[in-house]
Amino acid sequence: PQNTHWSDHTTPHTILIISQPTNQHCAVVGGIMAQRMKRRNVAGVVVSGRVRDMAELRASGLPIWAKGVSTVGSAAETVTGGFGGGVDFGGVVVRPGDIIFCDPEEGVVAIPRELLDRVLEVMPKLVAMDERVKEGVARGMSVFEAFREFRTKI
């Protein structure tokens, strides 16, 4: 909408996904937007691009994941291209309703809602396989051998 800012249209209790063109070097989220989104009860923000005002972002308490940081504000370089639709996030299309899993150390995973049951079925098996691989490597197996023996088709 004209004469408004995208952060004023965020939906409470959702994770906002922002994709920034790779040729832009400014930040698309900073302290002011984080404060507004926190006030609107946004659950978190994932940015395929840059953020700034790191101390303010941390102080906001709003979970924010980003690919990079910039000291440059968005100003005239950034224009909202769309809102509420699918977002190409580094080659992965994230759609409204997808499940977003955010881990502060490992990063972010988007799970299409229609695949959630399958993911929940498969993940414990994958974790168990990796545990067996780690145990094998700890006992002296090569990674190749451990993968061959313990990583099987699910």
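Each residue, glycine too, has its Cβ placed from N, Cα and C.
Where the annotation comes from TrEMBL, it is an automatic prediction and has not been curated.
Remember, it's a predicted structure, so these values are computed and weren't measured experimentally.
Annotation for Gly30 (substrate binding site): spatial neighbours Val51, Arg52, Asp53, Glu56, Leu57, Gly73, Ser74, criterion Cβ-Cβ under 8 Å with sequence separation of six or more. Gly30 (substrate binding site) falls outside any helix or strand according to DSSP and counts as coil. Per TrEMBL, substrate binding site is recorded for Gly30, Gly31, Ile32, Met33, Arg52.
Secondary structure from DSSP puts Asp53 (Mg(2+) binding site) in coil. Residues annotated as Mg(2+) binding site in TrEMBL: Asp53.
Arg52 (substrate binding site): 21 other CB atoms within 10 A of its CB, across all protein chains.
Apart from Gly30, Gly31, Ile32, Met33, Arg52, the substrate site neighbourhood in this chain, defined by C-beta within 8 angstroms of the site C-beta centre, holds Ala27, Val29, Ala34, Gln35, Val51, Asp53, Glu56, Leu57, Gly73. The Cβ neighbour count for Gly31 (substrate binding site), using a 10 Å radius over every protein chain in view, is 18. Take the binding-site residues Ile32, Met33: by the count of other Cβ atoms within 10 Å of each Cβ, the lowest one is Ile32.
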